[in-house]
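Scroll down for the structure; my scribbles are underneath it.
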């Protein structure tokens, strides 16, 4: 039985892995304002198998250590490269000294089974939710270029949203307010260059994120499986990655291909990665190169990685990348590039160039709830982003440990930069839906294998977090938190 899951987009979502006994529509609000007058979706949430709640003193211990490291790479070696060993965390204060003291507020963990509608009506909240109306009004004024009124509203919001504390919607509102302030001041969505200490915090936060939430592992695993199935049997594999992050995805990819070829008693393929990065990633690129090269050497995989500056790629397109005959080529995409390109004509030009290099598979992973529509206003994009990250924060509260700082660190070091990029990209976004763009360029979706679906389901069940479930929308594989899609992975080819 397939259970429809409503979405703000026209494509329907059907549950295909969990099969509840009754078929019901799942509620998904179309705006933060709508949730105030919408019925509770609690009764519309598909039934999920009973799971055991995990209560560990350290969220990093909720998953099997070896399983986590196989998925996210050897972070400790990256920390050693920075000459700041992981043990130093024991001597640090509970709250980061280099972050504003406003972060010292204790997070109030929300009941994971509480609906988004009930959340806004929670009588235990110490103040009303008028700040949501104000925040949306500020976004609307910014879109209309009423900058003085935008500044006035944000000044009032600074008094209500002083820190990222409280319920998920309050914390998300704080970060979206900060992002709008940054956009108003013309600031960048990322510092010119992170310090070594900030990178250490980011690595630890991402490691914690991978340890307590299935979101990063699901994104990496589904993308890797699509690539593995497309390039299976090739002696030369080339991956072009437009969103490499900290590179942990390709550690798990190398482990998988090493295990496959070891079981067949054959040599693993030569693996090349061409990563397109922004100029700010100077320190990260060295860490990624050293970490992946060392890991490949341990697995006896012949490996090479090259970093191409995004500004060079924007000028030269795929001429900035070296291609070799007989390689099987895979391309890894995310909303980041589409937001960077902005206009539909630039995206169409990129897809035309992409078609010329004839990739065996193009994988698109959306962990941001991206809309991508020509009719999407900045205001609507802002609201959708606020809803998406409120749901993601809610899922972190359900996965976190009471009294722990990890949720706060994940939000500050991993998710806040994504929110900044999302708000900035929403202002520039004029592109069509990525599905329409892909289809319009002649691409066709590739089905995931039954094995990939089964493994993804096992991954989510292993997380032992009630509220997460798998679903399918056409050929996309989805990770949902109750009614909200948190990760969407699809594979395409010409």
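Backbone N, Cα and C atoms are what each Cβ position is placed from, and that goes for glycine too.
Annotated features, as they stand in TrEMBL:
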type	residues	note
MOTIF	237-241	motif 'VHIID'
REGION	287-319	region 'Leucine repeat II (LRII)'
REGION	424-493	region 'SAW'
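Residue counts of the region 'Leucine repeat II (LRII)' (287-319) by helix, strand and coil are 22 helix, 7 strand, 4 coil (DSSP-based).
On the 0 to 100 pLDDT scale, the model's mean across the region 'Leucine repeat II (LRII)' (287-319) is 95.
Secondary structure of the motif 'VHIID' (237-241) per DSSP (helix as H, G, I; strand as E, B; remaining residues coil): 0 helix, 5 strand, 0 coil. With helix defined as DSSP H, G or I and strand as E or B, the region 'SAW' (424-493) counts 26 helix, 25 strand, 19 coil.
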